[in-house]
Amino acid sequence: MGARASVLTGGKLDAWEKIRLRPGGRKSYKIKHLVWASRELERFALNPDLLETAEGCQQIMRQLQPSLQTGTEEIKSLYNAVATLYCVHQRIEVKDTKEALEEVEKIQKKSQEKIQQAAMDKGNSNQVSQNYPIVQNAQGQMVHQAITPRTLNAWVKVVEEKAFSPEVIPMFSALSEGATPQDLNLMLNTVGGHQAAMQMLKDTINEEAAEWDRMHPQQAGPFPPGQIREPRGSDIAGTTSSLQEQITWMTGNPPIPVGEIYKRWIILGLNKIVRMYSPVSILDIRQGPKEPFRDYVDRFFKCLRAEQASQDVKGWMTDTLLVQNANPDCKTILRALGQGASLEEMMTACQGVGGPSHKARVLAEAMSQASGAAAAIMMQRSNFKGPRRTIKCFNCGKEGHLARNCRAPRKKGCWKCGKEGHQMKDCTERQANFFRENLAFQQGEAREFSSEQDRTNSPTCRKPRVRRGDSPLPEAGDEGKGAISLPQITLWQRPLVTVKIGGQLIEALLDTGADDTVLEEINLPGRWKPKMIGGIGGFIKVRQYDQVPIEISGKKAIGTILVGPTPINIIGRNMLTQIGCTLNFPISPIETVPVKLKPGMDGPRVKQWPLTEEKIKALTEICKEMEEEGKISKIGPENPYNTPIFAIKKKDSTKWRKLVDFRELNKRTQDFWEVQLGIPHPAGLKKKKSVTVLDVGDAYFSVPLDEDFRKYTAFTIPSINNETPGVRYQYNVLPQGWKGSPAIFQSSMTRILEPFRANNPEMVIYQYMDDLYVGSDLEIGQHRAKIEELREHLLKWGFTTPDKKHQKEPPFLWMGYELHPDKWTVQPIQLPDKESWTVNDIQKLVGKLNWASQIYPGIKVTHLCKLLRGAKALTDIVSLTAEAEMELAENREILREPVHGVYYDPSKELIAEVQKQGLDQWTYQIYQEPYKNLKTGKYAKRGSAHTNDVKQLTEVVQKIATESIVIWGKTPKFKLPIRKETWEIWWTDYWQATWIPEWEFVNTPPLVKLWYRLETEPIPGAETYYVDGAANRETKLGKAGYVTDKGKQKIITLTETTNQKAELQAIQLALQDSRSEVNIVTDSQYALGIIQAQPDRSEAELVNQIIEQLIKKEKVYLSWVPAHKGIGGNEQVDKLVSSGIRKVLFLDGIDKAQEEHERYHNNWRAMASDFNLPPIVAKEIVASCDKCQLKGEAMHGQVDCSPGIWQLDCTHLEGKIIIVAVHVASGYIEAEVIPAETGQETAYFILKLAGRWPVTVIHTDNGSNFTSAAVKAACWWANITQEFGIPYNPQSQGVVESMNKELKKIIGQVRDQAEHLKTAVQMAVFIHNFKRKGGIGGYSAGERIIDIIASDIQTKELQKQITKIQNFRVYYRDSRDPVWKGPAKLLWKGEGAVVIQDNNEIKVVPRRKAKIIRDYGKQMAGDDCVAGRQDED
């Protein structure tokens, strides 16, 4: 049981074991509860020795009490155990835990009343502030005020939200102001779930505590009366000091601020944790070529906060690195500001510099100065008849830039009509005379739409326009002669026009997103035929009239008209293309997100596969249209990258759809953080008075792609029979199917919606990809006005919201759901009825059923999923089992009647009810009012091969709790089909296993129950079976059997078995042959783990047999003993089953290894290598050494540097100076004790080091001895470069600093073997260099440095040979081409082949097809030589 079982002895132990865990319960306290409590106290950084006295228990209760409200169940259990133990110490008679808690509460109330009475007697005049943890009470004593749950809650929230970002440190400092070590430990305990971070923090505290003990040696002899002892490092950390001692130290005269000291240690540890969680160095923060200066400054200062440096060093970083790492544009401006410029001046000066807009402005200014001749050439290439117009700013009137890039103050009034009171975007004149022959405004009065601007690849807004066609337009004035001004309309409002159809005038919407023209009821002559078309509300029936004449603003067309119940008249693309109307799609003006390939990778170079003629024609048409809209651009042969494309027909359509196979590019593209981790759920929506659902049209094609990345999206449309070279394109916008598109689009959309959300807090916007749900409690008129405002806001940024998918009335179709004003459901689900099912069909069926299960209770898919087991092709035929057919029929019946869910009401409580369906399947409903489900679901996951219902029930509850936190932000109250007694039994034995929230019993059959129970203590009088099994890995033969305490034994032979199966077989044998009560002893942790979890079913047949035997028994006790430790029965049965099965391994090197470890304290890797020991044995030798358990092993060989680099530093031990040199690449150490820390001694040591090893660079700190003239002279003479670390930054000397600690640790292990420190230092150097193995290559440091130096020499020699080889050139022939190619560079020459490099391509050429000649250079070639003749040719 361990040392902690001795907390209670004699009569007190008897009293302890009589106290019940719960009122009326069967279980009572045991010694194991004391052992558990002592381990828990160690985990919470409390001294377990405090359990031995009543006062100690009081201290523990005071420490734990503030955490009871916010703490876990474990803290509450610990508090209950300590309170009961306190009553036993005080000899207060209690029957159970509840009575003990009541007694403790009475005692605490009495003491509290006494304190309050004393405070009242003292009067108000002497009251002091209650804002600090240590305050003065009424008697003038300094008492501790416990840290509040509110403070703890704030600290936990900071850690959970910020995840150890730099902001955590100042927050911790603020929250822990004036705190005692006890308070600080309580704060750390509340975030104990972050195990890795807490372990790092613990290591730092231990190091600092050890350093404190070294700097403050303990006073020898007894303390004088009345004098308090000096605190040790562990006292400051609160592990060996009481709260009263901490208060005395903090309030003494002179005070010892143990709280502040401990806080400083914790902050040191937090700094290390922050560095781990924010691994980017300040040196790596550089401004991108297109990154705005503001964003660069944000990143710089965020990283600066994480740097472990003083304020002076951070100031130096800000002054130098901020300017040094800016991009060239910003750097020029910043240097012009001079030294000492404030951050405000820098940001003002660099505003607008560095981003794409700045580049565009500079380019525009450069182009405006281009010569007229060059401009004329460009005009001819672009098919323009006249000279280009220079762009002119509406705001300041200057040429060379646009108004949106203008830096001058904004001119008042409208830029379109000149009137004040509104801006151009709100101008009412902009829609006048749509599609007229002349533009609305005269030359010079407003913005002129030049043909140049219409042709740009990145227009700023979508504009339908008429192509040059039958009726050319008049010229727009003298200045614009030769240039065509096309009529156009900006889509600030819906493009409604008057059209003439069959002599009737009607108003219709120009809709480039619609394939067909659809009109409301209109009488048309001629015959018609019926047709069904798809719309947003489902399918509608229409009448189709062919060859109908239509006139739009004087333009005539003839085509098909559909007449039916459409909400608005639509002129579709079938008519718009005839009159030459095109749509200029906007590319959003927001800044592009920079994208890169993964390091070391190049773009895709996948060849285009052959395509059929119809697919090539379809792709040509699609790409022509995309090019006109600016989505793609043609490219030349200079782009070496390619991605294959293909085409498929749209569902239920004759139209084609272009698909690009971006799999190869996706592999090579950098990874993106998934902006949205899941889809929003309608059960989490709050009921709203007004709702609208919008869809963003051509979502990805509205966001620009990073210009530098566009080249990697290149693709080719081939020609039939290779008639002509393929036409090459690249994307200008986010492509469909590329891995970065979703993340970049979501990020861009969030930034665009942010200002609208801030200005309209009453509007709730759910955004997922291109679907927007907008809800509010406004009246419908106000709500729709806000929706139009939102649509206009999106349009400014280039995102359209088509009317076709603008849903104003319920039911709303959103994210696969159907939303009604007071309820929701999934969109109608039709299960297919097939004669034969393929794997793909079953996969789709299971997907549909899983989707339906969130609102239809009782859906099951277990047997359908079993049909998919194994590696099967998608087209394989699967025959349904009888169980799967029954499951499918039940699901059809469930889906027959529609089921609805309701919306969430924050004022009401959430309730979750769980039912067991059988066959490891569970269903649940989450609701606030009975029979009105918010959401339903199912659970059919099996956590392990061996399980039981109680364990599965806890998994179901945890799934529901997680789901509820995601959707509603809180956990529901649970109603579970399990009796309290069953849960109590499980909880008593397995209380560490899981957590469960508040719940109540519901009598809904089938109830969950435990089928058998293992005893916790041996059964007196029952026979004891020692069981064991063994198997041979090669032959798969094995034995299993048992030996009993009464002399019985049985051994059986097994075939095709394993060690684990044999161990289980032995237990099954013992259960089979034993009586109703039995004790079983095994040495298998595997078997023990399976059976102790009390499974009632398993996937393994053998385990099912064991379960059947267990259910039949009245009592079973199962115990474990370690193998091969000479334990009686276990040793006997082990010999019986091992005979002829196990191979015996004689470890005769153990004694020698132990002897060497006692002398050198070498690590386990060195012993395993030198003495041929298994790692587990070598680790056991280290573990049993008391001197090697101070701290874990240091890691070596983690840094990869040049062979000649050494780091030097001086460290102090026992009042003496040790100079240490570390070879960075290998970790090899040279060290010695020097008489003084002077430049002369340091220079002498450097010369000794250079005489032993090749030293090219030494890296030191800025100490006076290292910066002295003597060291500089020594370095100059030995031709050594000296480098210095960053001031006050220990990380710059990280290797030697860590080696200093390692060296001191080894010295501590061997110090008692040496009389003088200098001897111990050399012993420690020897041990480190030759007796510790690990790191790169698994060598010792001595072996590694020799290997590195030898490799360096070989590499240099090889490099010389390579250099000689590279002086030769190779002419070669390919297998099919008889022409000699070259000259190529010779990389390697072998017996049968040569390796060459030709135009960056490396090739292997057979020796017989290569001619090798020396490259003498052209300067040696005369007129008559071969080189000269070749040049002439």
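Quick reminder: no glycine exception, Cβ is built from N, Cα and C everywhere.
Quantities reported herein were computed from a predicted structural model and do not represent experimental measurements.
The feature DNA-binding region is assigned by Swiss-Prot to 1368-1415, with sequence analysis given as support. Residue counts for the DNA-binding region (1368-1415) under DSSP (helix as H, G, I; strand as E, B; rest coil) come to 3 helix, 31 strand, 14 coil.
What Swiss-Prot lists as compositional bias 'Basic and acidic residues' is 445-455.
The domain 'RNase H type-1' annotation in Swiss-Prot covers 1019-1142 and is backed by sequence analysis.
The N-myristoyl glycine feature in Swiss-Prot is assigned to GLY2; the stated evidence is similarity to another entry.
Counting residues 6+ beyond its ends, the region 'Interaction with Gp41' (7-31) has Cβ neighbours under 8 Å at 1, 38, 51-52, 81, 84-85, 88-89, 91, 93-100, 984, 988 in the same chain. The region 'Interaction with Gp41' feature in Swiss-Prot is assigned to 7-31.
If you look up Swiss-Prot, you'll see 8-43 marked as region 'Interaction with host CALM1'.
The region 'Interaction with host AP3D1' annotation in Swiss-Prot covers 12-19.
The region 'Interaction with membrane phosphatidylinositol 4,5-bisphosphate' annotation in Swiss-Prot covers 73-77 and rests on similarity to another entry.
Swiss-Prot lists 189-227 with the feature region 'Interaction with human PPIA/CYPA and NUP153'. The region 'Interaction with human PPIA/CYPA and NUP153' (189-227) scores a mean pLDDT of 79 in the predicted structure.
The region 'Dimerization/Multimerization of capsid protein p24' annotation in Swiss-Prot covers 277-363 and is backed by similarity to another entry.
According to Swiss-Prot, the region 'Disordered' annotation covers 445-481.
Annotated region 'Dimerization of protease' per Swiss-Prot: 487-491 (among others), in sequence order.
Taken from Swiss-Prot, the feature region 'Dimerization of protease' covers 535-541 (among others), and the record attributes it to similarity to another entry.
Sequence annotations record features per position, and here Swiss-Prot assigns region 'Dimerization of protease' to 574-586 (among others) based on similarity to another entry.
Within its own chain, the region 'RT 'primer grip'' (812-820) has Cβ neighbours under 8 Å at 536, 679-680, 682, 685, 691-693, 768, 771, 773, 826-828, 851, 900, counting only residues six or more beyond its boundaries. What Swiss-Prot records for 812-820 is region 'RT 'primer grip''.
What Swiss-Prot records for 16-22 is motif 'Nuclear export signal'.
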| said: Could you give me three numbers for the motif 'Nuclear export signal' (16-22), the DSSP helix, strand and coil residue counts? | reply: 3 helix, 1 strand, 3 coil
| request: May I have the DSSP-based helix, strand and coil counts for the residues of the domain 'RNase H type-1' (1019-1142)? | output: 46 helix, 36 strand, 42 coil
